[in-house]
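Taken from Swiss-Prot as is:
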DOMAIN    122-464  domain 'Protein kinase'
BINDING   LEU128, GLY129, HIS130, GLY131, THR132, PHE133, GLY134, GLN135, VAL136, LYS151  ATP binding site
MOD_RES   SER222  phosphoserine
ACT_SITE  ASP249  active site, proton acceptor
REGION    620-657  region 'Disordered'
COMPBIAS  622-636  compositional bias 'Polar residues'
COMPBIAS  672-691  compositional bias 'Low complexity'
REGION    672-781  region 'Disordered'
COMPBIAS  697-713  compositional bias 'Polar residues'
COMPBIAS  725-757  compositional bias 'Polar residues'
COMPBIAS  806-817  compositional bias 'Polar residues'
REGION    806-956  region 'Disordered'
COMPBIAS  818-830  compositional bias 'Low complexity'
COMPBIAS  838-849  compositional bias 'Polar residues'
COMPBIAS  870-884  compositional bias 'Polar residues'
COMPBIAS  902-912  compositional bias 'Polar residues'
COMPBIAS  913-924  compositional bias 'Low complexity'
COMPBIAS  937-947  compositional bias 'Polar residues'
Amino acid sequence: MDDIDSSDGAAAARAGEIGSIGVSTPWKPIQLVFKRYLPQNGSASKVHVAVKKPVVVRLTRDLVETYKICDPQFKYRGELNPKRYLTTPSVGVNNDGFDNVNYDLILAVNDDFCSSDSRQRYIVKDLLGHGTFGQVAKCWVPETNSFVAVKVIKNQLAYYQQALVEVSILTTLNKKYDPEDKNHIVRIYDYFLHQSHLCICFELLDMNLYELIKINQFRGLSLSIVKLFSKQILLGLALLKDAGIIHCDLKPENILLCASVKPTEIKIIDFGSACMEDKTVYSYIQSRYYRSPEVLLGYQYTTAIDMWSFGCIVAELFLGLPLFPGGSEFDILRRMIEILGKQPPDYVLKEAKNTNKFFKCVGSVHNLGNGGTYGGLKSAYMALTGEEFEAREKKKPEIGKEYFNHKNLEEIVKSYPYKINLPEDDVVKETQIRLALIDFLKGLMEFDPAKRWSPFQAAKHPFITGEPFTCPYNPPPETPRVHVTQNIKVDHHPGEGHWFAAGLSPHVSGRTRIPMHNSPHFQMMPYSHANSYGSIGSYGSYNDGTIQDNSYGSYGGTGNMFAYYSPVNHPGLYMQNQGGVSMLGTSPDARRRVMQYPHGNGPNGLGTSPSAGNFAPLPLGTSPSQFTPNTNNQFLAGSPGHHGPTSPVRNSCHGSPLGKMAAFSQINRRMSAGYSGGSQSQDSSLSQAQGHGMDNFYQNEGYSGQFSGSPSRRQLDSGVKNRKQTQGGTTLSTGYSTHNNANSSLRSNMYNPSSTAHHLENPDTALSVPDPGDWDPNYSDDLLLEEDSADESSLANAFSRGMQLGSTDASSYSRRFNSNASTSSSNPTTQRRYAPNQAFSQVETGSPPSNDPHARFGQHIPGSQYIPHVSQNSPSRLGQQPPQRYNHGRPNAGRTMDRNHMNAQLPPSNTNSGGQQRSPRSSSYTNGVPWGRRTNNHVPNVPSTSHGRVDYGSIA
């Protein structure tokens, strides 16, 4: 009992002790008593906390899981997702629904392209930009896990062809001139066709310089950054000059940053407007704020225009605003003269076609006493005021906003605000750098393109090198590089211009993708068809290389011709250009000049006369400067042959073939119906230049052949082959002229139909009129003096028989000389009147037959018979300022000719490699009539050619 009591007391005491402890301290169980629960497999499980996902997440990111909760059988397929289109508008209209109404490929996120050559896949992720040329998409390459920029060209032939030029130029620059990527030119990776669209793959770059200025709130960049970018741009321009390439569209939007490289670098992009320096094509190029004076004035241009644009870019980088923000070309030129204190030199103004649009002649180029003074120099020209321009153009010029308080370059640069809180020493240092910048800009923006600095000269300026600037920079002289061929310049006049220059049309979308047709601009064909230097509108003359149907009015045909001139250069046949290089046969795309004739060679003579009615009326917007008189075009009255100058090297007559007619008696002595040309050849190359190529070529323009030195020349058989066509009971005996080197004799064996039995029975006595391209450069006046009076009298009679222009049903013979002797004249000077009209004989539909007296050479041809010029627009590129080329503008639906309602017929629609129709628009096509051939004529028994000839359609 006592034990129980004692034990109870101990328990009570222990309980009281525990109770007192529990009050003062927390309870801590023994570790051995409580252990973590372990399942049978022996691994501890994590504690899961149930967190409910927001509704937004379950219905967006986890939408597929939500659907599977509702329906375990649900399967997701990405191709069924509604597409997020990147192209606007996104409604399929053309190209079997792949293209919209603008012929842009309809792009959507996650669309993929595939290159058939490289087997590379490109998945579209975003749209970087778009323009009238097409679109630029940001694409992901799964194989390399990288991004690239893919330019998708519009599904139209003009854009396609121009994009091929860009591909060719960039490939050449990357692989040949800059294989190590050190000259800041964008890299091209790949190009391929996708759904009939040409796609070009470039490296992906960052923002352009304009966006950089915009981010900086249009405040100028620091001089150190301006110097860094300028040095890199000069490296790119030096590479272009070394390659003989003109960018033609240099501006801040086309210079992109490459932020992946440190320090930051830039790269020049967008070579869609680029061309070779010796094969310039377009006259309306460059964005307006960065357009050079020679382009504004319509003067022949070189790589110097890129240096002008570069100067404008450097000024804009420093100022934050464009230096010449003109609202129109007149406004830009006015600002240039005002800010720079100079004007273009007189030799440029004298030759430029747009001079009368912006300047007035206040003196004579030979007597500058009455002229104005600009920059301390006398000038025969003075810039028009706004009122004078309005009076001439019948509209007010658009004037842009004035951003600067000062009107000259030095004050604009000096007065630009300095950076806030800039130390005094830095202000003095920057002031000296600004003086160097002013001198640098003056050298880049020199009105005289011959004096404008080259990239190599500009790279040595103290502003670029960092040397102290103490005096105006005098660049080291450079040996000018003179190109062999004469520049070809095509105006954007309403008739053809931009598109027809390269054989293109913005309306032709249904074409098999073939290389660009053979032209001086893109000599890619293995063969060529000749034309004549003597016809108006033909630009493929002696040294240009004869080309396929390269009549300026048709580009691919033989019948469509526009009488249009622009001021590429003096239109003489053999003269000295500014570089001192003879240009045998210059482009007729030159300013028309009213020539001054001696007595007897007026409008009734054979020379060109503005009253002759043989030129089409001026198109709207054409400058009258094309028709200003010229003081150095004078025909010498005397010549041994009494038919005007006997050699094209002695006169300039727009390529008239009649300047050599005085040599007929000597040529006629050596020619007959059976003349083969082999035995009389002065050079063995003549035998190679005859026969084969001419045998399958039946062209007008005098049946001229091609040079043996032409890039696309074919080896020809010896001998001149004649072929006879019988139509309506009349035998037509035709011949073919050949061209050989300058050391060879150029002759013609072209014979003309005649209604007299004398010619049929005795063809040896029939006069063979030499072709305009068959002038013999080795022929001298001494040979003419050897002729007796009997030969001269027979020459006059025979020559008169060859002065008829006739046209038979065969359009290929439409430009022949008929041998009807009824038009002979006793006055030889009257036999030069309509020489240029050879180029117009095909414009007429339904020309009279060859024996029609009204079709003779001396007959007056009304001006209404020629086609007036029609407006022609060009496409535009991304960011391009002027309404032109790739920024440009917008193909028209069609062009209507004023005479006989002549419509341009497009080539037949073809299918691409994918079998899809290339041309979705409804247009009228012709399969049987090549360009230039009249639709009411037919040429039977056309000889087959060894190389397939491309018929481009008809402008009938």
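A Cβ is built for glycine as well, from the same backbone N, Cα and C atoms used for every other residue.
Recorded features from Swiss-Prot, shown on the structure.
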residue: LEU128; record: ATP binding site; Cβ contacts under 8 Å, 6 or more apart: VAL136, ALA137, LYS138, ALA149
residue: GLY134; record: ATP binding site; Cβ contacts under 8 Å, 6 or more apart: ASP104, LEU105, LYS151, VAL152, ILE153, LYS154, TYR159, HIS197
residue: SER222; record: phosphoserine; Cβ contacts under 8 Å, 6 or more apart: LYS419
Point to revise | LEU128 (ATP binding site) - helix vs strand vs coil (DSSP) | key: strand
Check your understanding: Taking the Cβ of the residue listed as 'active site, proton acceptor' as the centre, how many other Cβ atoms fall within a 10 Å radius?
Key -> 29
Practice item. For the domain 'Protein kinase' (122-464), would you mind checking the mean pLDDT of the predicted model? Key: 93
Point to revise | Least Cβ-crowded entry, counting other Cβ within 10 Å, from the binding-site residues listed as HIS130, THR132 | key: HIS130
Point to revise | Inter-residue C-alpha distance, HIS130 (ATP binding site) and the residue listed as 'active site, proton acceptor' (nearest angstrom) | key: 17
Review point. Under DSSP, is GLY134 (ATP binding site) helix, strand or coil?
Key: strand
Revision key, fill the gap. Cα of ASP249 (active site, proton acceptor) to Cα of THR132 (ATP binding site), in Å and rounded, measures 15
Revision key, fill the gap. Cβ density check for VAL136 (ATP binding site), other Cβ within 10 Å (all protein chains) comes to 21
**Study point:** Span of LEU128, GLY129, HIS130, GLY131, THR132, PHE133, GLY134, GLN135, VAL136, LYS151 around ATP - largest C-alpha separation, Å
**Key:** 14
